[in-house]
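Asks: Annotations per TrEMBL:
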type	residues	note
DOMAIN	59-227	domain 'Glycosyltransferase RgtA/B/C/D-like'
TRANSMEM	16-33	transmembrane segment
TRANSMEM	80-100	transmembrane segment
TRANSMEM	112-132	transmembrane segment
TRANSMEM	138-155	transmembrane segment
TRANSMEM	167-197	transmembrane segment
TRANSMEM	209-229	transmembrane segment
TRANSMEM	256-278	transmembrane segment
TRANSMEM	290-309	transmembrane segment
TRANSMEM	316-335	transmembrane segment
TRANSMEM	341-362	transmembrane segment
Amino acid sequence: MTDAAPAVRPSPRWKLVLLQLVFLYLLGLKLWFDLAVPPMGDESYYWMWGQHLSWSYFDHPPLDGWLQGLVAAVFGWSNFSVRLLTWLSLAGTLWVFWLWSKRLAPDDREGWFWHSAVIYLTVPVIYVMTSFAFHDHLLLFFVVASVYCFHGFASDWEAGAKHWRKLYLAAALLGLAVLTKYNGVFLGLGYAVWVLARPKLRPLLLAPQLWLAALLAVAIQAPVLYWNATEGFASFRFHLSDRPTANWGRPRFGQVLDYLATMAILMSPVLFLSLFRIPFLKPATPAESRAIGLAASIYLGSTIAWAVIAAYVYVYFHWNIVAYAGLAPIAYRLIGGRVPFLLHAGFGLVLITGAMLSYTVTPLSLLGYSDKGAAASYGWPELAVRVAAQQQAHPGSFLGAARYTYAAQLGFQLHDPNVAAFNPVTSQNDYWWDASAHTGEDAIIVADRVFTIAEAKKRFRSVEKLETMPVVRYGKIIWNFEIWLGRGFEGAAK
């Protein structure tokens, strides 16, 4: 068996057109969301990282924050500029898919590309994380690009060629993935599993270049290591021991089941069930065989690791996103026939459309599930106007909010990167906001029924509710924000 694929008939033009229409629909939804929806909680929060550049940050590594700072400096503040990087990372990911098409389907590049692109974007968790300006869109690009390079290196190695530059490039991209978000480390775990499991790759363990490549990926984390060393390892402690949802003393296996069930739904039941086909797939070429083995190693390594963690910490659906991205090169082959493809795409389109409508039109419930935070994402431009008026009516007052995301959302609307956050858990806001500079001052504070004034109240001599602002969509009140006056800021909580 050679790396050359058996000749196949190219996909008919009508099928490509249908795939392109679905693709354009998904891009249209994304563009509508970008233009219509003010930056949501974490989007605004990470944007503020770019206004307070640091070697690293409390919640995550720094790369996305650095890039957001660059975007703000070049393009200014707007709904679209906050999400500009999501378009660039998506374009990069699609470019890598096009490269994969030459390697895995040279006789039907367009068919492979458009099928793979639609399958990828109709994975609900991937579409959402590709659209929102969280760190994940950047992580996805680096994962897909690194996997392509590592697969190429392995192909050369098994053919007797030693193209170390491909290995170093894969390692550098792995390092950038981890510099974007800590769970990028599970890509490295997948590589290790594959090298150990594939006999032809095991001799790599004796090659010093492999360990130099690993060292390169680690060296890229220098800013994170430096920040943690100078801040009492705060980020590492938060993720490894101090999370509010952690239960290190006693495993909760219900959390594992919740994690697995949520994963099966949000990567799409069709794609999840298709994973059981992997042991029975008959690769057409050695390149496809390697792609299947590599993708399976990444998926299993990451998924099993998170399942173990889920027994002790509540694992959110997107934390295992490295595993889903790792399947991208073989997703088309996994899903296979027309009916499974239509079921996968249809399921994804329904969930994705419902999610986008929830954020752009009005909060919705789909199959009994709803994002409880969607309603609180509405009304921020109007709320900012009311807050600015209250601040003008109370000269000398500073601005604050009962949650770090609210502080960032309010700050974005008012172009103020220094809104205080009075939430009970630590955030990066605690590192850049100087509480001592505001001792004795009054504050205008945003709260609501979920994130109440209680925590802020501990830090002021007294508090008084100034007004309640209802958020109305189509004649229905979907949320209520509260604007409070805090008198005499006293610093640390009493």
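Note that the numbers count up from 1, one per residue, in the order the chain is shown.
Cβ from N, Cα, C; glycine included.
A TrEMBL annotation is a machine prediction, not a hand-curated record.
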Asks: Please work out which recorded stretch in 112-132, 138-155, 209-229 has the most C-beta pairs separated by under 8 angstroms from the transmembrane segment (316-335)?
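Replies: Per the Cβ count, the answer is 112-132.
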Asks: Which sequence positions outside the transmembrane segment (16-33), separated from its termini by at least 6 residues, show Cβ-Cβ distances below 8 Å to it?
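Replies: Long-range Cβ neighbours of the transmembrane segment (16-33): 86, 110-111, 114-115, 117-118, 121-122, 127, 130-131, 345, 349, 352-353, 356, 359-360.
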Asks: Any chance the transmembrane segment (290-309) and the transmembrane segment (138-155) are in contact, meaning at least three CB pairs closer than 8 A with a sequence separation of 6+?
Replies: yes
Asks: With the transmembrane segment (341-362) as the reference, which stretch in 112-132, 138-155, 167-197 has the largest tally of C-beta pairs below 8 Å?
Replies: 112-132
Asks: Which residues of the chain, 6 or more past the ends of the transmembrane segment (138-155), have a CB below 8 A from one of its CBs?
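Replies: Residues packing against the transmembrane segment (138-155) from afar: 3, 63-64, 67, 85, 89-90, 92-93, 96-97, 99-100, 103, 126, 129-130, 163-164, 166-167, 169-171, 173-174, 176-177, 180-181, 183-184, 187, 191, 194, 198, 201, 286-287, 290-291, 294-295, 298, 321-322, 325-326, 328-329.
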